[in-house]
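Colleague: Grabbed the feature section from TrEMBL, which reads as follows:
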type     : residues : note
ACT_SITE : D66      : active site, proton acceptor
ACT_SITE : D135     : active site, for ring-opening step
ACT_SITE : H137     : active site, proton acceptor
ACT_SITE : E142     : active site, for ring-opening step
DOMAIN   : 13-225   : domain 'Glucosamine/galactosamine-6-phosphate isomerase'
SITE     : S145     : site 'Part of the allosteric site'
SITE     : R152     : site 'Part of the allosteric site'
SITE     : K154     : site 'Part of the allosteric site'
SITE     : T155     : site 'Part of the allosteric site'
Amino acid sequence: MEVVIVKDKAAQGELVAAAVARLVGEKPDALLGVATGSTPLPVYEALAALVAGGLDVSRLRVCQLDEYVGLPAGHPESYREVVRKEVVQRLGLPAGSFLGPDGGAGDIVAACAAYERVLAEAGGVDLQILGVGTDGHIGFNEPCSSLASRTRIKTLTEQTRVDNARFFGDDLSQVPQHVITQGIGTILEARHLVLLATGEGKAEAVAATVEGPLSALVPASALQLHPHATVVVDEAAASRLKLASYFKATYAHKPAWQGL
Ligand SMILES: N[C@@H]1[C@@H](O)[C@H](O)[C@@H](COP(=O)(O)O)O[C@@H]1O
């Protein structure tokens, strides 16, 4: 696992956007997995700036990581709408370039299986952007999710619902109890995983992800199993890493041709 410690959100956004631009240069119809939440927004902003500067993303495809169950179609906080607004519209991608699970389906089990098929038929995810929950979740794989799990319905922890209530007018009762999420096994099939975290509030989750034991209790620690996982964090989120100096020295001496 590579850990890159950057000075702030803007630097984080530019670094990851550059990695996406490089991918698109090599594979114009790449499938980019996008996370929601506030952490990845600087990446989408930096990517939009590259597009405004001439980066051709006309064939880029994007896919969702997870979705709330039961929000009415078009609800502004459904992840489909969030990705449409923050990524698809911002980058000017065609609507058809966008894949996601159906959180409003009558048969959720079938919707989860269908999304697994859609991802496989699309050729798999090339680069998956991930945030991390304060409890170490990735996607909506809450603690003690199977490390081999596939896309399925999950029940949110109280902590995650409290964390996400800010998107629902701070009204906890509006935050759904259930979600669909790519499983940890599904996420691990992406060719490159890029996990982002900023701020002191994520420091513990980052330390457990990077330096803790591989454990279902910390779903993000599953990145330790992946052959190409990159963790990009600011100083505050890196503040509990024992090996922070080593990670900084390694990155400082990294050959430029390697990219992320
Ligand atoms: N399902 C999403 C995750 O994909 C995201 O990583 C997490 C952290 O969000 P934030 O980046 O806003 O802290 O929030 C939600 O739970």
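Just so you know, glycine gets a Cβ as well, placed from its N, Cα and C.
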Colleague: At a 10 Å cut-off from the C-beta of R152 (site 'Part of the allosteric site'), count the other C-beta atoms across all protein chains.
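Modeller: The answer is 21 other Cβ atoms.
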Colleague: For T155 (site 'Part of the allosteric site') and E142 (active site, for ring-opening step), what Cα-Cα distance in Å is obtained after rounding to a whole number?
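Modeller: Between the Cα atoms of T155 (site 'Part of the allosteric site') and E142 (active site, for ring-opening step), the distance comes to 8 Å.
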Colleague: Is any of the recorded positions D66, D135, R152, K154 within 10 Å of E142 (active site, for ring-opening step) (Cα-Cα), and if so, which, in sequence order?
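Modeller: Near E142 (active site, for ring-opening step), where near means Cα within 10 Å, the recorded positions are D135, K154.
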Colleague: Any idea what the model's mean pLDDT is for the domain 'Glucosamine/galactosamine-6-phosphate isomerase' (13-225)?
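Modeller: That stretch averages a pLDDT of 97.
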Colleague: To see if you understand the setup: which same-chain residues, six or more apart in sequence, place their Cβ under 8 Å from that of D66 (active site, proton acceptor)?
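Modeller: Spatial neighbours, sequence-distant, of D66 (active site, proton acceptor): T36, Y79, P101, G139, F140, V179, I180, T181, Q182.
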Colleague: Would you mind sorting out which recorded positions among D66, E142, R152, K154, T155 put a C-beta under 6 angstroms from ligand 1?
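Modeller: With ligand 1 as the reference and 6 Å as the Cβ limit, the list reads D66.
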Colleague: Please list residues from the chain of K154 (site 'Part of the allosteric site') whose Cβ is under 8 angstroms from its Cβ, counting only those at least six apart in sequence.
Modeller: F140, N141, E142, S145, H178, V179, I180, T181
Colleague: By a simple count of other Cβ atoms within 10 Å, which of S145, T155, the recorded sites in the record, is least packed?
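Modeller: Among the recorded sites S145, T155, the sparsest Cβ neighbourhood within 10 Å belongs to T155.
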Colleague: Cβ neighbours within 10 Å, counted over all protein chains: which one of the active-site residues D135, H137, E142 has the most?
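Modeller: Selected residue: H137.
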Colleague: In Å, rounded, how far does the Cα of D135 (active site, for ring-opening step) sit from the Cα of R152 (site 'Part of the allosteric site')?
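Modeller: Between the Cα atoms of D135 (active site, for ring-opening step) and R152 (site 'Part of the allosteric site'), the distance comes to 19 Å.
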